[in-house]
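Swiss-Prot has this to say about the protein:
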BINDING   Arg97, Lys101, His103, Asp123, Asp124, Leu125, Ile126, Ser127, Thr128, Gly129, Gly130, Ser131  5-phospho-alpha-D-ribose 1-diphosphate binding site
BINDING   Ser127  orotate binding site
Amino acid sequence: MSEIAATIATDLLTIKAVTLRPNDPFTWASGIKSPIYTDNRLTISYPAVRQHIAHGIAAIIKREYPATEVIAGVATAGIPHAAWVAELLNLPLIYVRAKPKDHGAGRQIEGVLKPGQKVVMLDDLISTGGSVLQAAKAVQAAGGDIQAVGAIFSYALDAATQNFAAASLPLFSLSNYPELIKVARQADYIDDEELASLHTWRQDPEHWGVTD
């Protein structure tokens, strides 16, 4: 487990941005039963946590994508973190809506993006990647050259891996579901039986918790 992955996992559990409830699961809008609920918007209210996030993402971009010219935040939860990362890297910032505005100029992208500029897109959470990939299409249509998509946390689902591979876009996250449940067990947030159930969910989220 990398130091930053463990730090972010601990942060998310401590501020209750992530709740684990394998014995009393949540129901997603899609109808899927889930033992985890994530609200990374809470991170903006904790200066130390948001600094860990901004510095962690900035370090990855400097190391892996040094040619990056623009940071793009995905509306709305990705915007504040993208702004802090852009500030650390002294790079331009844009943000991208899931769809164009239905009034005014009808823009989907706010800020200045020049054709050919190299972009790293940032969001708070990756489940299957559907919303951020829609935003990525808008950036590409505007001439942006997307280097990667980054996030604070990923559920590390096979569906996301497949979707990003199909889009030919690299994906990185500071922490992920396997790392988080490992940290949760070490800190006694969950017991061994709950850990086993949490592992099972990630292997087959659509059928986990479904009884005949």
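Note that Cβ sites are derived from N, Cα and C of the backbone, with glycine treated the same way.
Fair warning: this is a prediction, and the values are worked out from it, not measured in the lab.
Distribution of Swiss-Prot features across the structure.
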residue: Arg97; record: 5-phospho-alpha-D-ribose 1-diphosphate binding site; Cβ contacts under 8 Å, 6 or more apart: Ala75, Arg107, Gln108, Ile109, Glu110, Ala135, Ala138
residue: Asp124; record: 5-phospho-alpha-D-ribose 1-diphosphate binding site; Cβ contacts under 8 Å, 6 or more apart: Asn40, Arg41, Thr43, Ala77, Gly78, His81, Ala151, Ile152, Phe153
residue: Ile126; record: 5-phospho-alpha-D-ribose 1-diphosphate binding site; Cβ contacts under 8 Å, 6 or more apart: Val132, Val149, Ala151, Phe153, Ser154, Tyr155, Ala160, Leu171, Ser173
residue: Ser127; record: orotate binding site; Cβ contacts under 8 Å, 6 or more apart: Tyr155, Leu157, Ala160
residue: Thr128; record: 5-phospho-alpha-D-ribose 1-diphosphate binding site; Cβ contacts under 8 Å, 6 or more apart: Leu157, Ala159, Ala160, Asn163
residue: Gly130; record: 5-phospho-alpha-D-ribose 1-diphosphate binding site; Cβ contacts under 8 Å, 6 or more apart: Asn163
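Reduced to three states, the DSSP call for Asp124 (5-phospho-alpha-D-ribose 1-diphosphate binding site) is strand.
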